[in-house]
Every structure is written in structure tokens, then in C-alpha cells.
Amino acid sequence: MEKKKIAVLFGGQSGEHEVSLMSAKSIINNLDKDKYEIYMVGITKKGEWYLYRGDVGKIETGEWEKEGIPAIMGASTKYRGIITFEDGENGFYPIDVVFPVLHGPNGEDGTIQGLLELLDMPYVGANVLSSALCMDKVFTKRIFKEAGLPTPDFVVVYGKEIEDLEAIKKKIEHLGYPCFVKPANLGSSVGITKVHNEEELPGALKLAAKYDRKLLIERGIDAREIECSVLGNENPEASIAGEIVPSNEFYDYNAKYFDGGKSLLLIPAPLPDEKMEEVRKLAIKAYKALDLRGMARVDFLMDRNTGTLYLNEVNTIPGFTKISMYPKLWESSGKSYSTLLDELINLAVESHNEKCREW
């Protein structure tokens, strides 16, 4: 049987560049080499694209950049693949499916998806619109509200507004403290601060504004952090739910990736059966409301006192590192990492085949 040619995209111009490298290494190591011919395509923080043929271990360390061959992804629908530029000569490598492992802006926000749509190339994950909606936490929450799905109260602040601190304090008065200040367009909890009082607000606003001109200020809830993995196109399925018990006050960037395993990942989450089922049903409702394809990790907050569930956010390219919840939840639900990757690739082909091309 002829092997499918898979291009794994990693790196990117994003604050989550390093997380992408970790996820890509894990995915490449778990793709079945008997089924797939793998092409590793890295994007530097400067936006330079390279085809990398070296040791997978050098991806996570960043050493791959020294050994990459300058490349671009296609030039038209006639050339659906990787074009390289080496020693004055061009090379062309046809690709069957692209697996974007690009977390955050310029990868998870619809930009790469738009490029791949123009090239008519099958790709893993959500389409342009759904990717963009989920990348922007404000629009995600507005979709939740429109669909009648529960999400914490919030206020939106734009860059220049942070100069008028008193106006912001008045604007968020109804939220109370603690509250969370977040960049609207970033993942992995980069730039997020839990604000306990007015004195902590200016620093939190300045930090978030480093990453985005649009900021989300959200009511703080004394909550357990619950996550559920969703897989599928028209008929998605939800995994069992897991719970994160962070080593820090909340599951921030350092707790996610650099705390040496001090945060606890409880799989399955210690929930009553009916609450577990509620999580799974709500995850699928959120997935459908956002018209998602392929995969997503749906994150919840569950009020410790009332047990009420709130949708927090949706990640269309969730982490795939060795400690990431998305593959771990599926493994505990009966799908091995390699089987999960097989299904994602098949779903990408299915989505591509369903597109209308009559014009």
C-alpha cells in the first residue's frame, strides 16, 4: 500500500512557538511510519519556512533551524506540496495531507488554514472561520452566549483604553475580584493574570497588552478546571473528562509546561457519572456551535460550591506534548495516540472531499 505523504507544520510566529516544537516532536514520533511518509516543515519566529530532514529530537531544542532547507508550501493548486530552494535548484514534494501543529496566532487563527484552502490541500483540524472564532476568546464567548451555553461574565478592553485606569475599574465593577485579565488571541495561558484587587490591575493589563490589542477581563470563579477532548466532523464524539489540579494558583503557562510535573492531571476527572455525561454533552454542543471539524479540546470551569459548569475556551489545535490532556484523554477513552492521529488524518481527507467545487 502506498504511504500517505504527511506534512507536519511546526514552530511559527507566535508566543507559543516552543510549545509547538514539543507537540510536533510528539506527533512525529507517534505517526505510523508504515502508513505515512513524513515531511517536517518548520517555521521560524521570523516567518522563514524550512523543510527539515534531520533528527526529530532537534525540533524541540530548536537546532533544526540550522539544518533546514528553504521552502514554501505550494504555489498554486497545480503544485500541492512543498517547494524547496537548495543550491540554486528547486525541488517539489507532493503532499496528501497537512497536519498544522501551530499553536496560537499565525497558525491556529485561520491564517494557515486560509493558505491551505487556497492551495486546495487537505489539512487536519478546523476551517478558517472556526479557527479564527476559537482563537479570539471574545468571539468564542459571544458564540457561546448566542447558543445559550454557559460562560463566565466578561468585559472587553482595547489597547489604548488601558491608559484610563479609572474608566476600566468602573467598567469591570460588576465582575468583582478576583478576575482574570487575558489577551484575546493567545493560548497556553500566555499573558494571563489572576487579579485579586485593584492594585494588581495595572500590571495585569500591561502584561496582556504586550500580546494583543484586545483584552478580555473575566469574572473569577472558585472553580475546578475540567477538560474534554472532542473528535469528528458531522458526528463528533467526546472523550471522558479530565481534571487539572495546578501547582500554581491557576493553570498558567509555567504550570502547563515547566513545573516539572507538579500539576496533577486526573484522568478520569473525579466526577459523578451524571456530571461526567453533562461535561461530554456540553463539549459537543460547544463544538457544534462553533462548526468545528477534526478536533478540539473544550475547557470548562466547574464552580466548587454549586457544581455549575461554565465553558471557558476551545482549543482547535490542542497541545500534543507527552503531558498534554488531548491525547491522554483519548488514550484513557480507548484510542491510542497513533490511532488518534490516523483518525485525524482520515477526517481531514473526509472534510476536503466534502467541499463544493462546482463553479
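Glycine residues also receive a Cβ, built from the backbone N, Cα and C atoms like all the rest.
Listed in Swiss-Prot for this protein:
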- 141-346: domain 'ATP-grasp' (DOMAIN)
- 172-227: ATP binding site (BINDING)
- D299, E313: Mg(2+) 1 binding site (BINDING)
- E313, N315: Mg(2+) 2 binding site (BINDING)
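Overlay of Swiss-Prot feature records on the structure.
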residue	record	DSSP class
I172	ATP binding site	coil
C179	ATP binding site	strand
L186	ATP binding site	coil
T193	ATP binding site	strand
E200	ATP binding site	helix
L207	ATP binding site	helix
I221	ATP binding site	coil
D299	Mg(2+) 1 binding site	strand
E313	Mg(2+) 1 binding site	strand
For E200 (ATP binding site) and D299 (Mg(2+) 1 binding site), the CA-to-CA distance in whole Å is 26
Candidates I172, C179, L186, L207, I221 (binding-site residues); min other-Cβ count within 10 Å returns L207
10 Å Cα neighbourhood of D299 (Mg(2+) 1 binding site): matching binding-site residues from I172, L186, K214, I221, N315:
N315
Sequence-distant neighbours of E313 (Mg(2+) 1 binding site) in its chain (C-beta under 8 A, six or more apart):
C134, K137, T140, D299
If you skip the near sequence neighbours and keep only those at least six away, which residues in the chain come within under 8 angstroms of T193 (ATP binding site), Cβ to Cβ?
F180, V181, E200, G203, A204, L207, A208
Fewest other CB within 10 angstroms, which one of the binding-site residues E200, D299?
E200
Taking only the binding-site residues I172, L186, K214, I221, which one has a CA atom nearest to the CA atom of N315 (Mg(2+) 2 binding site)?
L186
One finds that other Cβ atoms within 10 Å of the Cβ of K214 (ATP binding site) number exactly 18
According to DSSP, which of helix, strand or coil covers K214 (ATP binding site)?
strand
Segment-level pLDDT (mean, integer) for the domain 'ATP-grasp' (141-346)
92
